[in-house]
Structures are given as C-alpha cells and as structure tokens.
C-alpha cells in the first residue's frame with residue numbers, strides 16, 4: 001500500500017484525548033450473548049481442550065442424573081475402531097500415488113498461476129503428510145509439504161523451539177503448530193503475520209469442528225502417518241469457503257459477528273418465540289441466521305457461544321447446499337465450547353427461498369423428532385407475528401448506506417462493540433465497487449487493525465494519511481473503530497466526524513446490535 | 001383404514017446417488033447440483049397401499065467415511081433399509097456387504113432390505129452385472145431393483161415394493177416395531193413425538209408426494 005505521506009498520531013495522554021468524547025459503554029458482563037475474543041491471548045487457543053462441558057450440560061439438564069452415560073465417549077470408541085480397521089489398506093493406496101505420476105507432473109509449484117496466488121495455505125500432519133492445500137492437488141505438492149515439515153522439525157529439534165514466521169521479500173511464511181497438525185500460510189497479501197496466525201487457528205478449529213480433538217488424537221496415536229484426507233473428504237469445501245470468507249468478511253478479522261438489522265421489538269419477539277418454543281431438555285443453543293448474519297441467539301444459562309464457534313456455524317451453513325433440501329441432523333463440534341465431542345445440530349430453512357436458517361444444537365443424539373417439533377412450533381409463531389416477514393424484508397432492503405449516517409467525507413467504517421463481540425459496517429459503495437477496489441479497502445482495514453493491535457507497540461489511536469484515503473483507527477475499552485475518509489480530510493474534521501458517527505451508532509444501537517441475551 | 005408409520009434408512013457409499021434417489025422419489029425431480037449430504041437428511045412420504053395409509057420416515061444418510069460411525073444412530077429401530085450402490089463402481093457394491101453384516105449384527109427387529117443398483121442409465125461403464133447383484137440380494141433375503149434417479153427408472157417401484165413388504169411384515173408380526181397410528185384419535189396418537197394434528201394426510205387418497213421436508217429445488 002502507498003504510504004508515501006504518512007503522518008501518524010499516537011495519542012494516549014489526557015490532553016490530547018480530550019478531543020474524543022468517549023461514549024457511554026454498555027457493560028452487562030453477565031448477560032452478554034458472546035464472550036469477547038482476546039486477540040492477544042490467541043496463542044493459548046486450543047492447547048487445552050476441555051472435555052467436560054458435555055458432561056456438565058447433561059448434569060444440569062438431567063435432574064435425576066441417571067442418563068449420565070456419555071454418548072460422545074461411546075461414539076469416539078466406534079470411530080476409532082472402524083477407522084483403524086480401514087486405515088492400513090488405505091495407507092498403501094494413497095502412498096503409492098505420487099510415485100505413479102510422471103516426473104514433470106509431480107510439482108504444482110512450477111506453474112505461474114500457482115506461484116502468483118496471494119495466499120497459500122498448507123496443512124500437513126506431523127509426519128509431513130499432506131492434509132490440505134488451498135491451491136493445487138496435495139499429491140503434487142508433497143515436496144513443498146516435506147520442506148515445510150523439515151523447517152518445523154529442524155528448529156524444534158535443534159533449538160527445542162518453534163518456528164513462527166519467516167519473511168522473504170514480499171512473502172511471509174507463518175507457521176502454526178497444533179496437536180498433530182502443522183498449518184502454514186504463505187502470503188504476499190496485506191495480512192500481518194499475527195493476522196495469518198489467527199486465520200490458521202480458524203482453519204485448525206474448522207478441522208476440529210469436523211472431526212473433534214478426540215478423534216484427531218486417536219487417529220494419530222494409532223498411526224502417525226495416517227492420511228487425514230480420507231476422513232476430511234467432502235470437508236475441503238468448508239476450508240475453501242472459510243478462507244474465502246476470511247479474505248472478504250471483516251467478522252473474522254474483528255472476531256465479531258454481524259447482526260441482521262431489525263427493530264428491537266421484532267427482534268425480541270423472535271427471540272421470545274424461539275426461547276419459548278424450544279424449551280427442551282439438553283438443548284444448548286438455538287439460533288437463526290440469515291444471509292450470514294445473526295438474527296437471534298438463545299442459549300442455555302451459563303453457556304456462551306464463542307464468536308469463533310459461531311463463525312464456524314455460519315461457514316457450515318454458508319458452504320452447504322444440502323441443508324436446503326430437507327431437515328438435517330448432523331454432528332458438529334464447536335471447539336471453543338467443547339473440542340472433545342460433538343453436538344447434534346438440527347438444521348432447517350424456515351422460508352421457501354432458503355434464506356432464513358434455524359439451528360438447534362443439542363447434546364442429545366436422540367432428540368431429532370423433539371427438535372423437529374420445536375421447529376414447527378417456532379415457524380408457526382414466527383409466521384403468526386410476522387417475524388419471518390421482517391427478516392426477509394431486512395435481507396431484501398440491504399442494511400444501510402454511509403449516507404444515512406449523515407457524515408460527509410466518511411467513506412466506510414467498521415465498528416465493533418467489544419463487550420458484545422458484534423460489529424456493524426455500512427454497505428460498500430463507490431469508490432469501492434470493483435472487486436479489486438474492495439480488496440484494497442479490505443487491505444486498508446487489515447493494515448489499520450494490524451497497527452492498532454501490534455503486540456510490541458499497541459496503539460490506541462492511529463491517524464494515517466495515505467495516497468488515496470485517510471484512515472483513522474481508535475481502540476477503547478468499549479469499542480474498536482476503523483474509519484476510511486477521503487484523502488483530503490484534516491485531522492480535526494476526521495475527529496469531529498468520528499464523534500458524530502459514534503452518536504449515530506448510539507442512536508441506532510438497538511437496530512444494529514443484539515443487546516439483550518435470551519436464555520431458555 | 002389402518003395406518004402405519006415406518007422408518008426407512010438409506011445407506012451406501014459416497015456418491016452412489018442416495019440423495020438423488022430419495023429426492024426423485026419424494027420430490028419427483030432430479031437435480032444435477034446435489035451436494036454431498038452432511039450427517040443425515042430427513043424426509044417424509046405418505047402413501048396409501050392395500051387399505052393402509054403409510055407414512056415413511058426416510059433417513060438419507062451421508063456416505064462419507066467420517067459419518068460411518070454415526071450410522072447406528074440412523075439405522076437403529078429402522079423397519080427398512082435401502083442399500084444403494086452405483087452399478088458403475090464395483091467397490092460401492094462390495095461396500096454393501098459391510099452394511100448388511102452391520103445391520104444384521106445391530107438390528108434385532110425384522111428389517112426389510114432392498115438392494116438398489118443406481119445409475120443404470122450408464123450402461124456403457126457398468127461394473128456390476130444384474131445377475132451377480134440379484135444372486136447376492138437373494139442370498140441375503142433382500143429385494144433388488146436397478147434404478148436411475150436421472151431417468152426416473154425403477155425408483156418408485158423400489159420404494160413401493162418396500163412399502164408392500166412393510167405391510168406384510170406388519171400383518172404377520174405385530175411386534176415388528178412398526179408404529180400403527182389410529183387416525184380417528186390423532187390427538188392421542190401412539191407416536192410420542194406427534195402431538196395433535198401434526199400428522200395429516202393429503203386430502204386426496206392417491207399416493208401424492210407430500211414432501212414435508214423438501215422445500216427447495218436446489
């Protein structure tokens with residue numbers, strides 16, 4: 001990006017900050033629907049999966065406690081058995097493949113198209129077996145996978161240390177070592193190493209969401225060189241789609257969820273309908289999604305849905321056509337909730353156009369018909385009180401344009417409410433209509449986010465004058481704001497605009513965010 | 001008129017066309033863009049047969065390996081199993097044997113099995129011949145049909161014959177695990193899951209497809 005006229009302003013002192021009027025922060029720690037992601041604590045993610053939550057959920061929903069036998073443990077056993085039986089025959093099949101290919105086809109890395117990709121992602125097992133590559137056939141990338149594995153194990157063996165990042169020219173190689181898997185991002189995009197690391201941990205959690213940590217452990221304990229692609233077959237599209245969303249949707253960058261704009265009364269009505277009609281034993285979460293946005297979330301008391309888990313759910317719904325055909329009953333692991341076992345999800349679309357999706361997540365594997373009944377009751381209520389109509393109207397009317405905020409010079413912004421882990425942003429308008437311009441805009445946000453959150457020098461406020469636009473980032477206890485102005489705006493004007501924007505958001509808050517959380 | 005509710009599970013390897021067969025039967029259509037099933041999808045189908053009103057609860061399962069361990073959840077208490085293979089894939093035919101032995105081991109109530117060789121419009125790449133499949137079906141006491149979900153060949157017949165066998169099973173052994181529903185008192189239905197009025201027959205008595213689950217052609 002062009003930084004030829006950078007003027008930076010880092011302000012933390014009282015006097016300078018008086019320009020900014022910090023708005024009142026709504027803090028209701030006990031009632032927040034989500035937990036906020038602590039971006040800095042990211043490196044501790046997943047190292048300690050907790051396997052007890054499923055048990056706890058059962059304990060609080062079974063009063064007599066007699067059905068405490070864990071379904072998940074049983075299922076884990078079955079999986080391991082059938083997998084180990086078939087593992088050996090499969091191993092032989094797959095390991096022979098690369099050798100059968102002629103020399104010149106062995107390496108995908110030779111093609112210009114492959115080399116020019118901006119963000120490569122490789123996932124391999126600890127023993128160096130390919131698991132996933134974003135571009136190209138993994139079988140033709142065994143050499144590069146082997147190389148990556150060698151880099152990791154060399155640093156580990158010689159220094160008892162972990163390799164984290166290599167910068168080579170424009171390219172960053174970022175390594176994430178997790179239980180049994182190595183994830184590597186090779187990027188020449190705007191993303192900072194820390195942001196890439198964050199994205200890699202999303203991918204790792206996506207794999208856990210499909211297989212669970214327990215299964216992953218069992219497989220690799222029995223067979224270190226198991227070809228995981230066998231178990232992930234059909235799940236590659238989740239990884240592909242997740243990567244696409246990460247590159248285009250700010251939710252992942254911010255660790256926040258976008259809510260479908262709705263009148264607060266209607267939203268409450270929808271939440272009440274779901275909460276009342278889905279009062280079922282063992283049901284942990286009930287949520288409605290529309291167009292990748294959250295309409296409502298009802299949860300069991302004491303349990304929270306982490307934004308990362310919610311993003312995986314959104315990704316699942318976004319990348320699967322099969323839910324549109326019929327009610328589905330599927331196992332899904334939410335790694336932040338409990339990486340050791342599956343929840344069962346009842347997934348159905350509520351409208352003919354397949355835009356409004358209801359998900360009911362339970363720990364009871366036998367509750368399909370109960371939940372199907374709940375779905376019918378919820379649908380009945382939503383029709384009765386015009387909830388569905390309100391949702392489809394909101395989808396059809398696109399959320400809001402920057403002009404509605406009434407601030408000249410402001411082109412676009414991202415606002416994250418930190419305590420609720422939700423964010424809002426206007427529709428993307430001119431001059432960012434072309435795909436390459438949108439990519440550039442997203443790059444600006446990546447840069448701004450990176451500078452604000454830099455671990456060695458975190459900033460509270462950043463005012464950045466670039467060639468094509470002026471950027472302003474502001475981090476407070478209550479919110480994160482990233483704003484993009486025209487290039488000619490001055491600092492006082494930008495600050496006045498931001499204050500005006502904050503007042504506007506405050507006014508629209510009930511419409512844009514879910515402020516109260518409903519429990520069963 | 002008596003009513004029966006039966007659970008039908010559709011099993012088989014990945015990409016043999018389980019979902020296509022089910023959608024052809026229940027929804028009366030074929031889509032080229034069927035995406036791999038995740039977990040299982042649930043369809044209902046109602047028909048009238050020999051003085052019985054039948055409601056088939058069809059579980060269309062995922063064929064991918066990682067869902068294999070979850071299959072018991074879906075075939076438990078099933079009254080019928082459609083074992084689908086692809087006539088152009090010998091492997092998918094051999095996989096049926098695993099399913100049959102698994103069903104025999106784990107299902108203790110009588111179960112109607114139907115071997116279904118799908119994709120028989122692809123005659124030129126056939127790997128499983130009709131004679132072998134018929135012999136195998138006879139050896140395990142299963143019905144046998146070759147179908148084409150694409151060309152709408154044999155799908156209706158396969159499900160109809162399964163339904164007939166279910167009626168026979170119901171008549172011969174009342175303890176077969178089949179639900180019978182008394183329609184006159186549907187509010188006090190024996191099915192614990194369907195509270196008043198949720199079970200309704202189509203207004204005409206012909207076997208029209210009333211796919212409660214199929215909402216969308218995509």
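Note that Cβ sites are derived from N, Cα and C of the backbone, with glycine treated the same way.
TrEMBL entries are annotated by machine, without manual review.
In TrEMBL, the region 'Disordered' annotation falls on A:1-32 of the listed ranges A:1-32, A:129-160. With DSSP states grouped into helix (H, G, I), strand (E, B) and coil, the domain 'FUZ/MON1/HPS1 first Longin' (A:119-242) comes out at 62 helix, 30 strand, 32 coil.
Taken through DSSP, the domain 'FUZ/MON1/HPS1 third Longin' (A:409-509) splits into 38 helix, 29 strand, 34 coil.
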